[in-house]
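> Positions annotated as N-acetylmethionine by Swiss-Prot, on the basis of similarity to another entry: M1. Look at Swiss-Prot and you will find T2 tagged as N-acetylthreonine, backed by similarity to another entry. The phosphoserine feature in Swiss-Prot is assigned to S12, S16; the stated evidence is similarity to another entry. The region 'Important for GINS complex assembly' annotation in Swiss-Prot covers 166-223, and the record cites similarity to another entry as its basis.
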Amino acid sequence: MTEVLDLHGQDSDGGSEEMVLTPAELIEKLEQAWMNEKFAPELLESKAEIVECVMEQLEHMEENLRRAKKGDLKVSIHRMEMERIRYVLSSYLRCRLMKIEKFFPHILEKEKVRSEGEPSSLSPEEFVFAKEYMDHTETHFKNVALKHMPPNLQKVDLLRAVPKPDLDSYVFLRVKERQENILVEPEADEQRDYVIDLEVGSQHLIRYKTIAPLVASGAVQLI
């Protein structure tokens, strides 16, 4: 895996920014997205382009293995690496689908009010899934319960009925880029806000909403 891959992202002004990654760097990006998604309480920004590039890379690796000499130890090693990558990829996608099913009305509402140029939390396929899941949930509620209730009770507000992601939950993180003057909210009413500096390589247990922007920017890694 030595070829170079192009990955399109967004710069700070919302424009297109092209990143050139080696396959090893691409897999590292996938693993970072997987760990962040696994430990974040909310659905994070969609990494659809990384997923697409990884799937293309897996197909390319499969083709190379088909042409390789059978019985070669390298073939077995590359096959194991492919299975590891497939596991990470499928686990990442399953984690996102579970969050969509758990928080779908809030995710769709966030998508509705998202400003132009702001990264989406959903890939196009995930958006379709979330919409269909909400439609099926509403239909199920109507058929099972709501149609048997008085007319004034035959509507359900899913935004109120479905719990929101708990952004006050605590997460472990490792600092990748030094951060200064991070405002930390007090845990008790009698305490005051205070600021901390995050040094590269240091690990912390901290409330998620305090460092959510740093997770999005890649300055910290959830662990």
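Using the three backbone atoms N, Cα and C, a Cβ is placed for every residue, glycine included.
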> Report the DSSP secondary-structure composition of the region 'Important for GINS complex assembly' (166-223) as helix, strand and coil residue counts.
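The breakdown for the region 'Important for GINS complex assembly' (166-223) reads 10 helix, 25 strand, 23 coil.
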> What average pLDDT is reported by the model for the region 'Important for GINS complex assembly' (166-223)?
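92, rounded to a whole number.
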